[in-house]
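Everything below concerns the one structure shown next.
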Amino acid sequence: MTVVGELDPQKLTALVATAAEILDAASVPFVAGHRADSAVRKQGNDFATEVDLAIERQVVRALTEATGIGVHGEEFGGEPIDSPLVWVLDPIDGTFNYAAGSPMAAILLGLLADGEPVAGLTWLPFTGEKYSALVGGPLYSDGKPCPPLGSPTLADSIIGIQTFNIDSRGRFPGRYRVEVLANLSRVCSRVRMHGATGVDLAYVAAGILGGAISFGHHIWDHAAGVALVRAAGGVVTDLTGAPWTVDSKSVLAAAPGVHEKMLEIVKSTGKPEDYL
């Protein structure tokens with residue numbers, strides 16, 4: 001039985017084991033570089049630290065040599081994401097947290113096969129948490145298999161939501177994001193803003209969060225986490241309810257049952273363009 005094309009489960013397991021060793025090695029400079037200064041200014045007020053750049057170089061080199069599969073990284077790009085097989089890397093998810101000294105930062109690594117996430121790894125070096133999964137599950141936490149997600153209620157769930165500026169415009173204006181947050185807060189147990197999309201998705205997969213919303217579209221923020229949530233038995237769509245793909249402009253990931261309720265609330269908020 002194949003997973004995608006000629007990628008069988010045994011080969012996929014070996015690839016993830018190799019990737020885990022590479023992320024373990026990358027965790028050393030990750031921890032050592034905490035509170036690193038900005039090295040590269042990007043669009044808007046985003047930036048990359050020198051550690052981002054160094055870790056991406058290290059992981060790309062190691063993955064390419066060990067697996068023969070190309071890598072698409074946040075900082076340097078690389079292999080096209082529609083390649084038959086490609087690793088997708090975010091060397092530091094939560095760069096602002098990382099530079100400020102917050103432990104809510106992670107290394108994200110997903111494996112796409114013809115655009116479909118077939119494996120994901122999310123390492124939180126400061127907390128020691130390691131999440132990994134293959135397509136079909138289960139989710140592994142620190143190397144141990146986890147039971148599938150249950151069906152909690154939204155009222156009992158903590159929900160993660162992406163950070164924002166209320167005055168921002170663009171595809172999902174700040175005022176729209178605030179209204180989504182407000183409407184969710186009336187129903188869910190608590191709302192949390194970790195400032196790291198990949199951490200939110202890993203925590204959904206682990207059952208720590210009942211659900212999470214990302215208003216972003218970058219593949220490196222989502223590839224690993226989508227694989228984790230799906231492997232754990234969760235549901236991943238965009239904010240319209242369409243199944244998530246590499247072309248999606250947003251993410252709504254949640255446990256069964258919670259996803260349906262969150263989607264209802266998001267849809268009831270109206271169209272983002274109405275908040276410009």
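Glycine is no exception: its Cβ is also placed from the backbone N, Cα and C atoms.
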Query = If Swiss-Prot gives Asp90, Asp93 as binding Mg(2+) 2, which of Asp221, Asp238, Asp247, Asp274 does it give for that site as well?
reply = Asp221
Key: Per Swiss-Prot, member of Glu65, Glu74, Glu116 binding substrate alongside Ile92, Asp93, Gly94, Thr95, Arg192, Asp221   = Glu74
Query = Are there residues of the same chain, six or more positions away from Arg192 (substrate binding site), whose CB falls under 8 angstroms from its CB, and which are they?
reply = Ile158, Ile159, Gly160, Ile161, Leu209
Inquiry  = By a 10 A CB contact count over all chains shown, which of the binding-site residues listed here is most packed: Glu74, Asp93?
reply    = Asp93
Secondary-structure category, per DSSP, in which Arg192 (substrate binding site) falls = strand
